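Look at TrEMBL and you will find Thr99, Asp136, Asp166, Ala167 tagged as S-adenosyl-L-methionine binding site.
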Amino acid sequence: MALRTATRRLERQQLSKLRTSPSSCSSLLHSHATSFGFKEVREEEKSQMVSDVFSSVASNYDLMNDLMSGGLHRLWKDRLVSKLNPFPGMKHLDVAGGTGDVAFRILDSINSTKRRVLEDAQDDDLHEETQIYVCDINPNMLNVGKKRAIGRGLRESKSLVWVEGDAEALNFDDNSMDGYTIAFGIRNVTHVEKVLAEAYRVLRRGGRFLCLELSHVDIPGFKELYDYYSFSVIPAMGELVAGDRQSYQYLVESIRRFPPQEKFASMIADAGFQKVEYENLVGGVVAIHSGLKF
């Protein structure tokens, strides 16, 4: 009962942030508004605010993911890559993947599927053609990924290509990719529909779209516990470990503003994808959405 009361009090406090003052509303009259956590901001301001968040957390990003999820994010990303079913010679785009976590897993998966016994020259040629593009709008996140690649002995790898780019306006040709992944990134964009449209555009027919994202928990009892952990523990952890409470406050708020699983699945289908489905992990703490381009 005490936990439920505390959770409700936290929810009331957070929802009160959604109410803007008359002066704030007036300032948004001539500009499209969007959400930045529980705040309403101008669309043209959001991308810079999100960039500031990730510039701030870049150096501690992977450590905080381990702490916040108890290491489970590693298993979630493994599950994402298993659904992709990577293959040698594929052209893959990993968006918002600056630190390389997903890209490294895809490359490891491709390497593990190759048969080293009596491997012929044709297989070697195919391996050289494998390209995994790691696209992120934030150069600080990309720098973390490049350093990690060097640490993994991948400095000279031709299979990894690091690209600074916007998920809403990708600098890739139509029908050029076999696969597209985005992990813990799509809720931070200004226009989710544009991201989905771009994903559909760059994928080849038969290409798979996969999105791993923090989502919505509806299990009674577990929901109250999860909300308490989100609003009370995670921001405090961010302050203690990364010296940045506000960025992790934004994190938990942005999850609540992101569409629920069924709604997001409908958005993916509206973008043109078929066989759209999703899998909840840990009761909906995260969800993996997928779709195919036919």
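The backbone N, Cα and C atoms fix where each Cβ goes, and this holds for glycine too.
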Which of Asp136, Asp166, all binding-site residues, has a Cβ with the fewest other Cβ atoms inside 10 Å = Asp166
Please report the number of other Cβ atoms within 10 Å of the Cβ of Ala167 (S-adenosyl-L-methionine binding site).
-> 24
Recorded S-adenosyl-L-methionine binding residues, Thr99, Asp136, Asp166, Ala167 - maximal Cα separation rounded to whole Å = 16
Same-chain residues at least 6 positions away from Thr99 (S-adenosyl-L-methionine binding site) with a Cβ under 8 Å from its Cβ, in sequence order, are Ala58, Tyr61, Asp62, Met141, Val144, Gly145, Arg148
